[in-house]
Amino acid sequence: MKRIAIVVVVLLGVVGASLAVGAGNQIDTLRKAAIDREPEAPAIAQVENNDIRRKRAYPMQPPTIPHKIDGYQVDLKVNRCMACHSRHRTEASQAPMVSVTHFMDRDGNFLAEISARRYFCQQCHVPQTNARPLLANDFHDIDDLLRASQSPSQQH
Amino acid sequence: MKAFLRKYWRVITSPSRYYSLGFLTLGGFTMGIIFWGGFNTAMEFTNTETFCVSCHENIYDELQQTIHFTNRSGVRAICSSCHVPHDWTDKIARKMQASKEVWAWVTGSISTPEKFEARRLALAQHEWARLKANDSLECRNCHEFSYMDFTRQSPRAVNMHSTALASGDKTCIDCHKGIAHRLPDMSDVHGF
């Protein structure tokens, strides 16, 4: 009995100490609230539907989708995206055609129709919302890097 | 047999012995109203969603996920907003076709999800043909082209509405298939 009591006291001590250390560190979580409080949920972000194409961060980046895609069915039966983005639909829809890479199989051969590995568009392409980023993004694209290497004095 | 008929003919044609003419007229009038009312009530019931869903349950589940079930305006489209014309004569014609549906239900053309899936493209094509023929009348009952504010629509919508739709080349259903339900296999359908 006595031994159990000692173990409990020691454990409590350890827990208390670690809590104190945690509080001292002020670990910044994205949660922004004490562990025992339920923070208010942020408002649901709105999907951008302004049809303005965004800049790509690097040439191989799948472009983000500049329109909403609510209710667009993509399954075995039908691919709604291809009703606008396929080669033979672009005239009627005035949407950009999927690029040639979408017709390539994994050995680099060009197929007649969209390749199976590019069928489910949202694996790579996503719409954007007006949500404010929780953390700043310090990504530098290739132009920044080249400029930086050319004029080392102006490094940021 | 002949005598029997003649006897009844005489009863029907001879003036009433027990009831006044006024009573008969009023009675007939009342019965008429009751029958007409009952007929109307039956028509109203066959327009309710409960009635449609009793045979098309899976379709209802799909509708619940679309903009025509919940949206920011709180306006709901029910089955009959899109599927039964509001015009009275059209309504009757539609009901006559619906009695074929009751028969098909008895023969069970869509009685299981598998049968429905197999039949789905054909059924969808009936609806597309109907909406194409009436220039998407049901859609226009709620969405009137003349009152569309292009400055409040998305650029993609404006580009299409101000061209192909405005000129009458295309109607709503040409571009908006699958607006309320999951689509069947579309590989042979124009526009996909």
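Using the three backbone atoms N, Cα and C, a Cβ is placed for every residue, glycine included.
TrEMBL annotations: computationally assigned, not manually curated.
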Heme 4 binding, same site as B:CYS172, B:CYS175, B:HIS176 - TrEMBL member from B:CYS139, B:CYS142: B:CYS139
DSSP-derived class (H/G/I helix, E/B strand, else coil) of B:HIS176 (heme 4 binding site): coil
Extra residues within 8 Å (Cβ to Cβ centroid of B:CYS79, B:HIS83, B:HIS181), heme 2: B:CYS52, B:HIS56, B:ILE59, B:LEU63, B:CYS82, B:ALA180
Close in space, distant in sequence - B:HIS176 (heme 4 binding site), Cβ under 8 Å, 6 or more apart: B:CYS139
Top Cα neighbour of B:HIS181 (heme 2 binding site) in the set of binding-site residues B:CYS55, B:CYS82, B:CYS142, B:CYS172, B:CYS175: B:CYS82
Of the binding-site residues listed as B:CYS52, B:CYS55, B:CYS142, B:HIS143, B:CYS175, the one whose CA lies nearest the CA of B:HIS83 (heme 2 binding site): B:CYS52
Cα separation, B:CYS52 (heme 1 binding site) to B:CYS142 (heme 3 binding site) (Å, whole number): 21
